[in-house]
């Protein structure tokens, strides 16, 4: 059972900032009118609401193979998958881990779990066995859906239960593999055989509350180690509706549109703003397992992609790679950039390459459900947005800016910490009431840890980050995680990790290390030590040796001093 303590039951931990007096609070809202959100519906029912009127329209496209599933076929597959999972003992409140790159099976499994009232926690298949196990254990996973090539990761970590298809128990693990072109690994179950044998009529009728969890992504929040973010049916439905519902949707797409899904679905931006928004709107989703420039350009051209969700490294590739000119990308009408800020130079370069497309940015974080603001130029009745703007706050939500030191509300054009309140924000962190109370205050405001301001036209601009997270190509790299690994090395006395600007990745993690007495440990040995324990984007790009880590009187690492050292190099 996933539980999150109610605010009144949570320990009295100080919020990220103190609240300003109510009469002094300046609240910013969307330029678009609020809408009726059917948040009483379970997520699968909400997303497939148009399936009956679009039965033969394309829904999911496996871009690499060309296999296309209509809305009718997709919904049927999801129900059969739900029946198969139910037969394996998955029920209301159970957690299912999806350890996959983007594929049709990922989407089907996510919706199948929703039909059963179960919860999906998606993990990055490129993570190390140790990292996967941490998420597995924290989530209380009952079953894993993966690909044969990743099964060895589950066998390599001794703390994983034994994989066994015949026995269900606390000391065994049920693993389903999606491959249909090779032998199923020993002890695993073949996904498509389970689907073929399933009866969609056997899916149980489950009483699902809007406050039941449906997704459990992991995020490092504003500080610290990765934590499970509890997103309910209400919060996810609300987050999708804020983007694509209403007479003038903020992100306008529908039948006939094709959304490119090349960003990983284990990232909330892709799951929410691409897959779920497209299905709800009646658009097709072209699923690509990974980013490869030639394959992506070919998919855009072949499937006539109209909506492309990207992150800054993809924008850089589209803007600068000469291969782009060999492909017809004229079908693209919307380019939505998220996950990390984007510079004006890149914006201008992309506009020169795709002059017919509307380009804009959104701003979000996993805990916020995830979108806080979106470019108003994407709306059905568009209004222009400034360069560098993250758009205006989403509908049915409130945004305020507070002084990070005093907590008092700030007016327009004054930078401070961005806070958001609305039905889309998380229920809380999994089994972590202290972190929840430190992020969501007693009035329901979620403190993002990002510094920004709202201008005279209600547009949101992000200018800095209070939180310590490093953003490598849009992926989160929590310094605390790397620091704990570094300090565990017997030849390292102390360590700190900070971001360094990078033209391609945005930011890369760099370590400052204090050697232990009599140690002569080298940079290469430290980098190798870390690379064996973390996913590729968390690997250290540089190690600097210093005599002491600068810290405050309370022992907090003075990261600004270390960043200044990097800038001076």
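Keep in mind that glycine also has a Cβ here, set from the backbone N, Cα and C atoms.
The annotation ATP binding site is assigned in Swiss-Prot to 219, 220, 221, 222, 223, 227, 361, 362, 366, 450, 465, 556 on the grounds of similarity to another entry. DSSP classifies residue 361 (ATP binding site) as strand under the three-state reduction.
Look at Swiss-Prot and you will find 269, 273, 339, 361, 362, 366, 374, 467, 471 tagged as (E)-4-coumaroyl-AMP binding site, backed by similarity to another entry. In the structure as shown, the Cβ atom of residue 362 ((E)-4-coumaroyl-AMP binding site) sits within 10 Å of 25 other Cβ atoms.
For the recorded site, residue 474 (CoA binding site), the DSSP three-state label reads coil. The CoA binding site annotation in Swiss-Prot covers 290, 473, 474.
The region 'SBD1' annotation in Swiss-Prot covers 292-361.
Residues or ranges marked as region 'SBD2' in Swiss-Prot (evidence: similarity to another entry): 362-429.
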Residue 219 (ATP binding site) to residue 339 ((E)-4-coumaroyl-AMP binding site) - Cα separation in whole Å: 13
Other CB atoms within 10 A, centred on residue 471 ((E)-4-coumaroyl-AMP binding site): 20
Per DSSP, three-state class assigned to residue 339 ((E)-4-coumaroyl-AMP binding site): coil
Spatial neighbour of residue 339 ((E)-4-coumaroyl-AMP binding site) that is closest, considering only the binding-site residues 290, 361, 473, 474 and their CA atoms: 474
DSSP state at residue 374 ((E)-4-coumaroyl-AMP binding site), helix/strand/coil: strand
Residue 366 (ATP binding site) CB neighbourhood, other CB atoms within 10 A: 22
Proximal but sequence-remote residues of the same chain as residue 290 (CoA binding site) (Cβ under 8 Å, at least 6 apart): 101, 102, 262
Nearest of the binding-site residues (269, 362, 366, 374) to residue 474 (CoA binding site) - Cα to Cα: 269
